Amino acid sequence: MQDTGQNQQPSGQKQQPVQGPGVSGYLDDCTCDVETIDKFNNYRLFPRLQKLLESDYFRYYKVNLKRPCPFWNDISQCGRRDCAVKPCQSDEVPDGIKSASYKYSEEANNLIEECEQAERLGAVDESLSEETQKAVLQWTKHDDSSDNFCEADDIQSPDAEYVDLLLNPERYTGYKGPDTWKIWNVIYEENCFKPQTIKRPLNPLASGQENTFYSWLEGLCVEKRAFYRLISGLHASINVHLSARYLLQDTWLEKKWGHNITEFQQRFDGVLTEGEGPRRLKNLYFLYLIELRALSKVLPFFERPDFQLFTGNKIQDAENKKLLLEILHEIKSFPLHFDENSFFAGDKKEAHKLKGHAVDESTSERVRWSPHHEDFRLHFRNISRIMDCVGCFKCRLWGKLQTQGLGTALKILFSEKLIANMPESGPSYEFQLTRQEIVSLFNAFGRISTSVKELENFRNLLQNIH
């Protein structure tokens, strides 16, 4: 999503304004510093991650961009050509991806496809083994479960189409103004635990209440403050992308995209944003650490021999899995990972309320879902639904993908014991990821990784100017 008004965005705890768009030092609520992340991301992780995301498994994402907005009817559809999304033709998507978009091996794909067909006919294929039938039921149960942080698209819908992410890159489209401000305003005002009486900094309605806002934010429990900072970090990352791939020239001969330094400074300069820009960038790094930690935690799931990045091309699939595991092991070696135990380490009842789990008082273990105590998950699910209200289809595509990716990262962090108890081979009944979740998880992190890399590019460009 795009907007010209991130100057209306809050993003973290109070600190002294930093001159210029740069940010350095330690992050709030973390033991990690910006410099360590820059070095790790830009020189060890970013190049290999980009190579992985260019592979067939990760470049094709199935999405329904025609879902109606569930909150209001007056959506202004962007008519600009740069807002349009070009879906894939049927023959452009590898058969292995189309035949079974969320399972992992050729054998499993065939079995699941047969069983799903039988289920649609109201029957059970008795020729399948009892273990396979049980796995299918567990997968189906998983796909419909309330463990997910996002309201996923129905990828079986006739309106769902495959999109080649490489041919529909996230960049500036010209979609801006009141419509984009409305989207972000609803996200911040109604879904981030903020009372209406507290006004956000640089909001036209704030009337100099910045101190009130940051006093309120600092008074929040770490879990709710973290939620706010994740949304702020996502917003900042999107605006970095738009500033880095800005439409600099549009003539009948050519379009030229590149870095717009002025746009970047308007969004992140410490002086121009009255200190908000550096806070936003720190929240971007905070988001990076959260998703990095999730990827380190989910390594055992991908290490299982039954797991494949299945497209039907056995040689390429094996090479991609090898590269994927190399990347995840590199991530696991990061020396200053975010401590997710501090995420919900305060009041255990409040922590489990936010995660949406009931607690056995004697063991402090999760025992069941509590429909009345799902604040954290439901707030995030609501944000994922708001993505269907974005009027620019390309912005909607990347907004849906990145919120699903972050939601998948949160799901992983809240499933640590389930991941630890997975069998080394065979079906994983307790913890599972769909192909949609896998593709969105890595592409969303790829977007955050790109933002961190682009910050280095902007620093270099600004140094050359000065």
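Placement of Cβ uses the backbone N, Cα and C atoms for every residue, glycine included.
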Disulfide-linked residue for C392, taking TrEMBL as the record, within C221, C395: C395
Those binding-site residues listed as R171, H235, R267, and which of them has the most Cβ atoms within 10 Å of its own Cβ: R267
Which listed residue (T173, S232) has most other Cβ within 10 Å, given these are binding-site residues: S232
Distance in Å spanning the most remote Cα pair of R171, T173, W184, S232, H235, R267, given for FAD: 21
Fewest Cβ neighbours within 10 Å, where candidates are the disulfide-bonded residues C83, C392, C395: C83
Rounded Cα separation (Å) that holds between W184 (FAD binding site) and C83 (disulfide bond): 18
Distance [Cα-Cα, Å, rounded] between R267 (FAD binding site) and C392 (disulfide bond): 21
